[in-house]
Amino acid sequence: MTDKIVTSEEMRHYDSYTINTIGIPSLVLMERAALAVRDEILHAFPIALKDVVVVAGSGNNGGDGIAIARLLHLAGVHVTILNIGNPKHASAEHQTQEKIAQYYQIPETSDLAVLNKATLIVDAMFGIGIDRAVKGAYADAINAINNTDVVVVAVDMPSGINTDTGEVMGTAVRATTTVTFAYNKVGLTKNAGKDYAGNIVVANDMGTYAVD
């Protein structure tokens, strides 16, 4: 396991090199990310799996979340996808994951009330890309998550935490555990990010290659 800690720019560079130069498709990386989060949830929180809610944004972090929901569903977990944001803005990878989830008839909703019955929440709204204050439906979702008292597993970064500074961008998810991909992130080690991340699990077997 590496102790390397990276910025958002470095992580984007590594992802881009892996996808565009080496040729590993982004969907492969997304599946590996989802497997890592699924494994952490199943192994670390087996008593919290009665009603899992995956809160998915419209970008690739949300695509990770939808893949996580599918993998939990296939493991026999009752899971609901809570969609946040505009589906018209969904990334291509997100759209692919959504199509697969529909095949498996995984329940989906946009009603925040579903969080009231959750026994575990997966935060998959924002990954490493946030650079402005969280507002609107995303802020409402974050505040609703924080008003629960259940286990929260953040995907890559707690939504609302700046990847480079660890600062809260208006509002941010308070996670029980953050599963971050390939390398630890600077924002998880400083300022509010240290507290909001909870326990940090670095999923370093991602197939992402660092070339500086």
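Note: Cβ is positioned from N, Cα and C throughout, glycine not excepted.
Record note: Swiss-Prot gives Asn60, Asn61, Gly62, Gly63, Asp64, Gly127, Ile128, Gly129, Ile130, Asp131, Arg132, Ala133, Tyr138 as (6S)-NADPHX-binding, and the candidate from Asp15, Asp39, Asp156, Asp164 in that site is Asp156. Same-site candidate for K(+) binding, as annotated by Swiss-Prot with Asn61, Ser159, chosen from Asp111, Asp123, Asp205: Asp123. Annotation: no binding-site residues among Ile130, Arg132, Tyr138 have CA atoms within 10 angstroms of the CA of Asn61 (K(+) binding site).
Sequence-distant contacts of Ile130 ((6S)-NADPHX binding site), defined by Cβ-Cβ distance under 8 angstroms and a gap of at least six in the same chain, are Met157, Ser159, Gly160, Ile161, Asn162, Thr163, Met169.
Taking CA atoms as the reference points, Gly62 ((6S)-NADPHX binding site) and Asp123 (K(+) binding site) are 9 Å apart.
If you take the Cα of Asp123 (K(+) binding site) and the Cα of Asp64 ((6S)-NADPHX binding site), they are about 10 angstrom apart, rounded to a whole number. Cβ neighbours of Asn60 ((6S)-NADPHX binding site) (same chain, under 8 Å, six or more residues apart in sequence): Ser26, Met30, Ser91, Glu93, His94, Gly127.
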